[in-house]
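So that you can see what the record holds, here are the features copied from TrEMBL:
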TRANSMEM  57-74  transmembrane segment
TRANSMEM  81-103  transmembrane segment
TRANSMEM  115-135  transmembrane segment
TRANSMEM  156-180  transmembrane segment
TRANSMEM  200-223  transmembrane segment
TRANSMEM  256-274  transmembrane segment
TRANSMEM  280-299  transmembrane segment
TRANSMEM  311-332  transmembrane segment
TRANSMEM  338-359  transmembrane segment
DOMAIN    368-418  domain 'Cationic amino acid transporter C-terminal'
TRANSMEM  371-391  transmembrane segment
TRANSMEM  397-415  transmembrane segment
């Protein structure tokens, strides 16, 4: 989709990781305080003349980030061993929470199961994406995986399936233990066990939560550094970030730089602000990924005809436009009448169906690929855009400021790097024959149809 879109996506992925790690680090402080029989704010420095959203300073969060990043810098293998051990302990704690929690379950807590109706469910679903970041970090480990073509998809799909099931089970257990109106926003499980007369259990829960958040921070520290490293290799960011330390074998510069950015955000910013901003960034990235999948399957330079290219663009515009229409109608229609949906939903089906029937696929995966294309990625775009329409205005202002910063950086620095990289690639192509011939050969290589010839080695990225 081009360097510009790639850069905006990359910038928001980095934002997603910085905000996500900052939010988890602040939650780490909350559960650590519970473990010490303290209130979360007892370990924070409260500056009363500052905005409450930014005035609860959290030095404990910074300490946790520094310690975990040190492990990530030291060794990828050491981080993996720590994760293996910690995950076994964490699973034991999860089993304990479910069994002990269901023993104290009160079915009446599920009465009035949807107190805020369908609108409340949709609004909370947007924020719930806060719990579903980090899975993409598996893909950043491709260089350190023996068989990435098989192992990366298994890791992504398998981990998300297992975690989704566990998340739903824990959520149901929590709401059965304590009425949703009484849940503590900082350390819900620990406080819930205290509320049902199992005060001793909160120590086990807090310890398990701390362990879980520690591994989350560790995996994210590794993943976000790899993202920055890959971006720097394209020269979109200074190549200094792409340097790998010879002794540890890890991208130390990228890891420490991301730590500093995360620590600054974690020190100042309230969890509620972080979660909403993170949801926008995550949903935006998910939409771009689904869109990129459609472009990748249905467009190939030198293969796709001009007519099919135009048809693809029209279908994508119909899909995106109808999705925005559905989202806007939901957000602005207080009574949620069906008139708007009878217009925009058929347009979505028209765009997706036309893409399916009239535009031939230019590329097909040889080893593993997303099924039900174009319906599944098109549905993903619609759902993500729909949820984006439920997030508050202030979060969008913050997101706009960050995107504006990315645009300024791209115009002043990234665009020149993109031009230099494109010229280098163009020179490589011309040195190996005609543009169209090389483009077709490159597309075949991408699909795994042919082995790369030593005489054909265009610059990557």
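Each residue, glycine too, has its Cβ placed from N, Cα and C.
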DSSP says what for the domain 'Cationic amino acid transporter C-terminal' (368-418): how many helix, strand, coil residues?
40 helix, 0 strand, 11 coil
Using a threshold of three or more Cβ pairs below 8 Å, and leaving out pairs closer than 6 in sequence, do the transmembrane segment (57-74) and the transmembrane segment (256-274) count as in contact?
yes
By Cβ distance under 8 Å, which residues at least 6 away from the ends of the transmembrane segment (115-135) in the same chain are close to it?
16-17, 20, 23, 156, 159-160, 163, 167, 180, 216, 219-220, 223, 275-276, 278-279, 282-283, 286, 330, 336, 386-388, 390-391
Could you pull the average pLDDT for the domain 'Cationic amino acid transporter C-terminal' (368-418)?
87
Interface-richest range of 200-223, 280-299, 338-359 toward the transmembrane segment (57-74), CB pairs under 8 Å
200-223
Lying 6 or more residues past either end of the transmembrane segment (200-223) yet within Cβ distance under 8 Å of it, the residues of that chain are 17, 20-21, 24-25, 27-28, 31-32, 34-35, 64-65, 68-69, 71-72, 76, 79, 82-83, 86-87, 89-90, 92-94, 96-97, 100, 134, 136-138, 140-141, 187, 189-191, 193-194, 255, 258-259
